[in-house]
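Enquirer: Input: one structure, supplied below.
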Amino acid sequence: MMKHAWDSYRQYGWGHNELKPLAKKGHSTNIFGNSQLGATIVDALDTLYIMGLHEEFKDGQEWIEQNLDFSVNAEVSVFEVNIRFIGGLLAAYYLSGQEVFKVKAVQLAEKLIPAFNTPTGIPWAMVNLKSGVGRNWGWASAGSSILAEFGTLHMEFVHLTYLTGNPVYYQKVMHIRKLLAKMDRPNGLYPNYLNPRTGRWGQHHTSLGGLGDSFYEYLLKAWLMSDKTDTEARKTYDDAIEAIERHLIRKSNGGLTFIGEWKNGHLERKMGHLACFAGGMFALGADGSPDDKAGHYLQLGAEIAHTCHESYDRTVLKLGPEAFKFDSGLEAVAVRQNEKYYILRPEVIETYWYMWRFTHDPKYRQWGWEAAQAIDKYCRVSGGFSGVKDVYSSNPTYDDVQQSFFLAETLNDDLMPFESWVFNTEAHPLPVLHLGNITLPGSEPAQR
């Protein structure tokens, strides 16, 4: 599957960010500022390397050496470019040792730093790579920045400081953490919106799906990546998860555990595909949780995995919808037409993968294999892989996009040891930093 996805992109979309597998031409979205940055190449590098596809990796490396240029007049998503490009380049560097990947990662990081030039130090959502001018998405609550965006920079930026010795990256993300720690949290929950001008929360929406998701993931992973010395990150994670469990996690009438969305004091009984990653997160965080709750969190991970599997199993294609409801009678199914699509997302398979690694229950491999077969059956086309618009239809229409994350995440079946590597949120493996008595510039000495 990886070879078909890559070869198709190589043939029809080379150098473009993504591929239109039916039209057989390049594709780009606004997150990359409509510039040709070869997102699929950068996102796929580590997967190619781990799978032993070394010729393909070499082709990708050559394109990057010759063509990847960040001094373009393009307005890009700081979050997306960080997790896909900086994460992808750093992982490729750590896996292969090829210096070019580190050089490019640092060049790009320097272009993102102006995004932090706000009254609060909470970065803008978008930055122009040439001018350094930042702004926020027009649709976000009253000009707010988004929790999952400014909260999903930590892993990559700590590694940038570690590799360059330049403290600025570490200082930028620690400043965000300290600012959040000082803020009042409604019901102990972190709202998804924060205004970078005023430092006040926007609308009181809280989610473990889109807009919130990877903020929580990166608190846990900051602790893991620090060789478990960053206890501040762990404590922040534990407190956040406790509030989420109290307010957002419920059991449906049919006995399915789900994670709802908090909107202005009301719980919406709807779960997004993106929130399905949380099963894996709970399992990953089980070891080290307070009050002997490791068993509880492993069980919670298993329950979320089961619910998300049901969202797949209750469709015609055996692929899950973008969002699904838990209302009267209808459970784990999408109700609205615009929530019935599947765009090659990895979160459900990600949770199976973590649950398999932690429990070795064979059902998780079976579920992962079912999903892989369904993708191969319904999403594979002659020119690559495409998302589908309705998972409840036996002859679905295609959306004609092969997402870069499909190659980075969904197809990523690697066996990197947990003790040494932590995945960023785009499934790019970054090494645990066994710093011992070394301290990052500008940081407190590690308490051991």
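We count from 1, first residue shown onward.
A Cβ is built for glycine as well, from the same backbone N, Cα and C atoms used for every other residue.
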Enquirer: The disulfide recorded in TrEMBL for Cys308 goes to which of Cys276, Cys379?
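Expert: Disulfide partner per TrEMBL record: Cys276.
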Enquirer: Expressed to the nearest Å, what is the distance separating Glu322 (active site, proton donor) and Glu347 (active site) at their Cα atoms?
Expert: 11
Enquirer: Run through Glu80, Glu347, Thr425 for me and report the recorded positions whose CA is within 10 Å of the CA of Cys276 (disulfide bond), in sequence order.
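Expert: The recorded positions passing the 10 Å Cα test are Glu347.
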Enquirer: By a simple count, how many Cβ atoms lie within 10 Å of the Cβ of Cys308 (disulfide bond), its own Cβ left out?
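Expert: Excluding its own Cβ, the number within 10 Å is 30.
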Enquirer: Give me the Cα-Cα distance between Glu80 (active site, proton donor) and Asp213 (active site), rounded to a whole Å.
Expert: 14
